[in-house]
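J.: Here it is, the structure, as structure tokens.
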Amino acid sequence: MATLKDQLIHNLLKEEQTPQNKITVVGVGAVGMACAISILMKDLADELALVDVIEDKLKGEMMDLQHGSLFLRTPKIVSGKDYNVTANSKLVIITAGARQQEGESRLNLVQRNVNIFKFIIPNVVKYSPNCKLLIVSNPVDILTYVAWKISGFPKNRVIGSGCNLDSARFRYLMGERLGVHPSSCHGWVLGEHGDSSVPVWSGMNVAGVSLKTLHPDLGTDKDKEQWKEVHKQVVESAYEVIKLKGYTSWAIGLSVADLAESIMKNLRRVHPVSTMIKGLYGIKDDVFLSVPCILGQNGISDLVKVTLTSEEEARLKKSADTLWGIQKELQF
């Protein structure tokens, strides 16, 4: 007896189902799921895989997304504790790990998360040896280094979300002050994602008009308008949101989808992301810090050489020294 499906549909070919634009998100906490929904709403993948160790939560999140399939254009959403569900991914986004507690610095999380990465990274590499790795877990600069070391991948394929969000926060606050949309407010926050990030005041502009030229005291202590406060707010913003709602999720999710778009569509847009910076700005150790990078299908293909003041360069170097101090003690 022919089934209803057989009566309705005449099959023409047996297809082998290898996804062309598969994205995996490892970790289905608040950040992982914000990344997932942001990616789904930008139609970046033909298959989305979710991985976590908590199986009930994982299955629930997968089902909840699948139930929205009518409103999405990602035909396949899968999940599993076993990394075989991640096979053939173009991009693997790591959000798993211990989360920052209220008042805890990102650097404090480090050894807890290194131990988690020792399990995750080899499994990702086993099933998607040609993928790009996008690291989001904190402290992101150190964990991007850890992922690079464990994976054995070339440095262009290991990317930290880095200061992409810090710069977005900076541009939002700049826009609020000026009454201009953030996309027309240009400004870069570089270096460590977190407390020692470096705002590049000389590069701040709207429509190519340098703010520093109009207002030479910009970013200095003698600035009557206290623009330094804008960067201070960027640094404090995550702590404030964590204090208020317990974690951050939406902005980092959107920021990660922005990076994923540049990679999946080979856009070659410039983003402040964490990359191996050894040999630049007098840095001699294997550290990852955010500088403006060109992002495309091979990950980071090039970086932009930003002209920094001696003070900015010194701050970058100090970040590098701090990170290396922690990295050289790590056990993995």
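The first residue you see is number 1, and the count goes up from there.
Cβ from N, Cα, C; glycine included.
Feature list, courtesy of Swiss-Prot:
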type	residues	note
MOD_RES	K5	N6-succinyllysine
MOD_RES	K5	N6-acetyllysine
MOD_RES	T18	phosphothreonine
BINDING	29-57, R99	NAD(+) binding site
MOD_RES	K57	N6-acetyllysine
MOD_RES	K81	N6-acetyllysine
BINDING	R106, N138, R169, T248	substrate binding site
MOD_RES	K118	N6-succinyllysine
MOD_RES	K118	N6-acetyllysine
MOD_RES	K126	N6-acetyllysine
ACT_SITE	H193	active site, proton acceptor
MOD_RES	K243	N6-acetyllysine
MOD_RES	S310	phosphoserine
MOD_RES	K318	N6-acetyllysine
MOD_RES	T322	phosphothreonine
J.: Cα of K5 (N6-succinyllysine) to Cα of A49 (NAD(+) binding site): how many Å, rounded?
T.: 27
J.: Of the recorded positions K81, N138, K243, S310, which one has its Cα closest to the Cα of A45 (NAD(+) binding site)?
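T.: Result: the closest of the recorded positions to A45 (NAD(+) binding site) is K81.
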J.: If you take the centroid of the Cβ atoms of R106, N138, R169, T248, the listed substrate site, which other residues of that chain have their Cβ within 8 Å of it?
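T.: Same chain, not in R106, N138, R169, T248, Cβ within 8 Å: Q100, L165, H193, G194, A238, I252.
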J.: Taking the Cα atoms as reference points, how far is K81 (N6-acetyllysine) from V53 (NAD(+) binding site) in Å?
T.: 6
J.: Check the Cα-Cα distances from A49 (NAD(+) binding site) to the modified residues T18, K126, S310, T322 and tell me which is shortest.
T.: T18
J.: Counting across all protein chains present, how many other Cβ atoms fall within 10 Å of the Cβ of K126 (N6-acetyllysine)?
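T.: Other Cβ atoms within 10 Å of K126 (N6-acetyllysine): 12.
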J.: Could you measure the widest C-alpha to C-alpha distance across R106, N138, R169, T248, the residues recorded as binding substrate, and give it to a whole number of angstrom?
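T.: Output for substrate binders R106, N138, R169, T248: max Cα distance 18 Å.
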